[in-house]
Amino acid sequence: MDKNLMMPKRSRIDVKGNFANGPLQARPLVALLDGRDCSIEMPILKDVATVAFCDAQSTSEIHEKVLNEAVGALMWHTIILTKEDLEKFKALRIIVRIGSGTDNIDVKAAGELGIAVCNVPGYGVEEVADTTMCLILNLYRRTYWLANMVREGKKFTGPEQVREAAHGCARIRGDTLGLVGLGRIGSAVALRAKAFGFNVIFYDPYLPDGIDKSLGLTRVYTLQDLLFQSDCVSLHCTLNEHNHHLINEFTIKQMRPGAFLVNTARGGLVDDETLALALKQGRIRAAALDVHENEPYNVFQGALKDAPNLICTPHAAFFSDASATELREMAATEIRRAIVGNIPDVLRNCVNKEYFMRTPPAAAAGGVAAAVYPEGALHHRAHSTTPHDGPHSTTNLGSTVGGGPTTVAQAAAAAVAAAAAAALLPSPVPSHLSPQVGGLPLGIVSSQSPLSAPDPNNHLSSSIKTEVKAESTEAP
């Protein structure tokens, strides 16, 4: 067996410097798809790539130059990349999601097209955990509503008025906090909650035995048990097809009457209509949501618009000045690793690495071994005749047709050559792809940081598949 066939398939994005007596060589193009500020990314990438911003909400707003030439893309959570969107990019080799969630990217399609998808799962853990505790404390002590009463001019002249206004305030010590998911953020919340006197339990079917003992927590093995035992439920898991509307009519009935609910994970985990009804009926005493199924959240629209005892914040749990800088630096560094190294070897957080791994060889006709790629990764475009067949079509790394494997470096070189030919034709440069000082074709012109960034939700190692969900397929 040829041992080379068991090795990862490697792609390399070509990086060329200046020749002493020659023209400036074009660098790989990296695009920020749905933002404008590249001031943090530029110092990390400027010596190996040209950086452009698109400030787009969909691929229809992305300039043709980026679609044809970009080998790397940075993106927040405000743009969605479906398979059809991904096929518009002719030279793309890597996407880095500035955040932890990748639910706005068709990861499977990206892998089949030879595009590595990476995220930044480790940033903002402290910020989200702190925000979670802030929301929990507000629900228990009703600080948010009491502050609003004072702001509206209400006067408290005696204990009876205080008692009336603060009705529903609860003591924390001795209550049970139930965490759905005990990853980075869930663990951070657990440690903070214990300091306040909570009895902390958790449900996470994907963690090894003993994690509860190492943290001094109590583990339950079904979601029903967690909901039944918890005075406050806090969600800390990713969103996928298995746990969409995890909090629904059926699961709310499993909760203790008058329990609290907190969600700083993903909006789609909660069915808004069912939650609104539960708040009106008092089955859930109060709820706090930093994330919403439809964002940006509009307090005057949707099922929750007239729900009582509800705190909503604008998907900002992840944010602090320090975490925002850290997040963007980590994302840009991942792009840099892809440019100067081999994909997927150098990538720290590639979520579809399996599409770049070779499987054991299968016996071909005449006894010749043939390399097989999972899902046809990198193979599809090598034999495609669709209009989208650009430089991607040269990245069948295991093909022996045409003299052997072709690297991403050659693909990038082909894109550069095509761009050079296109440069001979007059074409206007859009305002958001402005010239950069120093001879680089594109760059940044704004230092305004995007205010709407993704949350760094901690995640379970896989999807939460619960008995409750299987039993509640009829729930809204």
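Note that the numbers count up from 1, one per residue, in the order the chain is shown.
Note: Cβ is positioned from N, Cα and C throughout, glycine not excepted.
Annotated features, as they stand in Swiss-Prot:
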- Ser100, 180-185, Asp204, 237-243, 264-266, Asp290, 315-318: NAD(+) binding site (BINDING)
- Arg266: active site (ACT_SITE)
- Glu295: active site (ACT_SITE)
- His315: active site, proton donor (ACT_SITE)
- 445-476: region 'Disordered' (REGION)
- 466-476: compositional bias 'Basic and acidic residues' (COMPBIAS)
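For Leu182 (NAD(+) binding site), other Cβ atoms within 10 Å of its Cβ number 27. When the Cα of Glu295 (active site) is compared against those of the recorded positions Thr238, Arg266, Ala317, the shortest separation belongs to Arg266. For the recorded site, Ile185 (NAD(+) binding site), the DSSP three-state label reads helix. The most crowded of the binding-site residues listed here (Ile185, Ala317) is Ile185, judged by how many other CB atoms sit within 10 Å of its own CB. Annotation note: Ser100 (NAD(+) binding site) sits in a coil segment as assigned by DSSP. Ranking the binding-site residues Ile185, Thr238, Ala317 by the distance of their Cα atoms from the Cα of Arg266 (active site) places Thr238 first. Comparing the recorded positions Glu241, Asp290, Glu295 on other C-beta atoms within 10 angstroms of each C-beta gives the minimum for Glu241. Taking Ser100, Leu182, Thr238, Glu241, Asp290 as the binding-site residues under consideration, the smallest Cα distance to His315 (active site, proton donor) is found for Asp290.
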